[in-house]
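Engineer: According to TrEMBL, the transmembrane segment annotation covers 115-138, 158-187, 199-223, 235-257, 269-288, 331-349, 356-374, 394-419, 431-449, 455-474. TrEMBL lists 135-290, 330-472 with the feature domain 'Sodium/calcium exchanger membrane region'.
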Amino acid sequence: MEAKLRLEGIQSNSSLEMGPLNDRPMNEFEDIPVRSHENGSISGSLPSYGNKIPVGSHEIGSISGSLPSYGNKIPVQSHENGSISGSLPSYGNKMIPNSVYKSIKTVVFSNKLNLLMPFGPIAIMAHNFTGNMGWVFFLSLLGITPLAERLGYATEQLAFYTGATVGGLLNATFGNATELIISIYALKSGMIRVVQLSLLGSILSNMLLVLGCAFFCGGLVFYKKEQEFTKATAVVNSGLLLMAVMGLLFPAVLHYTHTEVHFGKSELALSRFSSCIMLVAYAAYLVFQLKSQKDLYIPLTEEENQSGDGDHDNDDGGDDEAPEISKWESIIWLSIMTAWISILSEYLVDAIQGASAAWGIPISFISVILLPIVGNAAEHASAIMFAMKDKLDISLGVAIGSSTQISMFGIPFCVVIGWIMGRPMDLNFQLFETATLFITVIVVAFFLQEGTSNYFKGLMLILCYLIVAASFFVHEDPRSDDDNQLKT
């Protein structure tokens, strides 16, 4: 028996019409139970993308039921004229609120570290109502920590849409954006020494503490074997770090040997020239890594895609990692986090000297040890996580790669920014700080030369960092008075 089914004369606000069944393949309807009735109508269930439509017969030969729309049923009623009517859902008005809610849920509520976000507004209120610089500094540190981690997350999400080359530039720009923002506000306030010490502390923290914890935790998980990593990347990064030490060493030696051609000017001119050379060298390194030797030095984003894990994804979701938010959402969140970090950084920088006086802690210790903890929170967590999954190449890229970015990009960039601002920011980090960096680079290079790691190597790096921290706790900075005079 061959029958045609038509829904005609639909005259409601939202109408539906079904064409003749014989225009469609019969195998589509092999499983449709259909019953005939005395009045010539039929009843049964019609599939719509896997969802069945309950259909009932009526005396007038019409059918009524519920038509699914993306899983939501539409109430349909029959009328005497043989038509059916119902209401179709409108998704246009709900899409924007749902998208905003989903984006906020993904970015803000998906990480437990974001519980520290309210401390940012609390720090501002403490500054305005109490004036206790110690509390303002402490609360600002807590408030910036989750923002720095989310800034790295937004950068990572945006890198999915930009490709390896632009992604590498984004990582260079925003990977250490927190340190750079704090440094720019300190430069604006004339606190050149805080800029130098905070950037130096970030390098020391990444090379000793972050890498040491990654080696130590990974070695404890895989204590029966030595973990391995690619030596080529480690060698190139070690060479760049030694070049950065060279750039910092010569201005200091020139200053302390009193061999300047123009006293007080040659040191600054050499620093600015060396900074431009270091920026060119880092740009060439990015091209070398992402273009010329793409197969040998696999970018960090490609490593993550191959492993199926991200810095902020704790689940093993497969071999291909997909972005969690859209491109424009990433840009918007990147702007929001950068603006909020900029606001808190101003309060943080203004409270450094007050916190040093209130707590009795040297400014050098605050700048070298405490401030880098904020910017390195995301790197610290992700490096340890990947090391415990036996993915040391990614851990090395996070720790040593970040140190390379700061030494070859962050420090020269601040020198150039200070040049533009009219601030005498130079590469003379003083003998004590330059010697500390030089010894640290040599020690780490020796630990990386074999291409293997274990928990003992990690423990040694952590103990070296404790020695550095103790040294800066008892170190009196000779240039703090100069900065105070410049600020006033």
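Even glycines carry a Cβ here, placed using N, Cα and C.
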Engineer: How many helix, strand and coil residues does the domain 'Sodium/calcium exchanger membrane region' (330-472) contain under DSSP?
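Structural biologist: Looking at the domain 'Sodium/calcium exchanger membrane region' (330-472) with DSSP, the answer is 120 helix, 2 strand, 21 coil.
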Engineer: Given the cut-off of 8 Å on Cβ pairs that are 6 or more apart in sequence, determine whether the transmembrane segment (115-138) and the transmembrane segment (356-374) share at least 3 such pairs.
Structural biologist: yes
Engineer: If you count Cβ pairs under 8 Å, which stretch among 199-223, 235-257, 331-349, 356-374, 394-419 touches the transmembrane segment (455-474) the most?
Structural biologist: 199-223
Engineer: Let me spell it out: take the transmembrane segment (235-257), skip the flanking residues so only those 6+ beyond its ends count, and list any with a Cβ under 8 Å from a Cβ in it.
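Structural biologist: For the transmembrane segment (235-257), the far contacts come to 207, 266-267, 270-271, 274-275, 277-278, 281-282, 285, 289, 297, 396, 400-401, 403-404, 407-408, 411-412, 426-431, 434, 437-438, 441, 444-445, 448-449.
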Engineer: Can you name the far-off residues of the same chain, 6+ from the ends of the transmembrane segment (269-288), with a Cβ under 8 Å from a Cβ of it?
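Structural biologist: Same-chain contacts beyond the flanks: 165, 168-169, 172, 236, 240, 243-244, 247, 250-251, 254, 262, 297, 404-405, 408-409, 411-413, 415-416, 419, 425-428.
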Engineer: Could you check whether the transmembrane segment (431-449) and the transmembrane segment (331-349) come into contact, where contact means at least 3 Cβ pairs under 8 Å with the two residues of each pair 6 or more apart in sequence?
Structural biologist: no
Engineer: So if I exclude everything within five residues of the ends of the transmembrane segment (394-419), which remaining residues of that chain have a CB under 8 angstroms from its CBs? That is, six or more out.
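Structural biologist: Those are 171-172, 175-176, 179-180, 183-184, 187, 192, 195, 199, 202-203, 206-207, 210-211, 214, 218, 229-230, 233-234, 237-238, 240-241, 243-244, 247-248, 271-272, 274-276, 278-279, 281-282, 285, 300, 303-304, 307, 311, 376, 379, 382-384, 386-387, 425-427, 444, 448, in sequence order.
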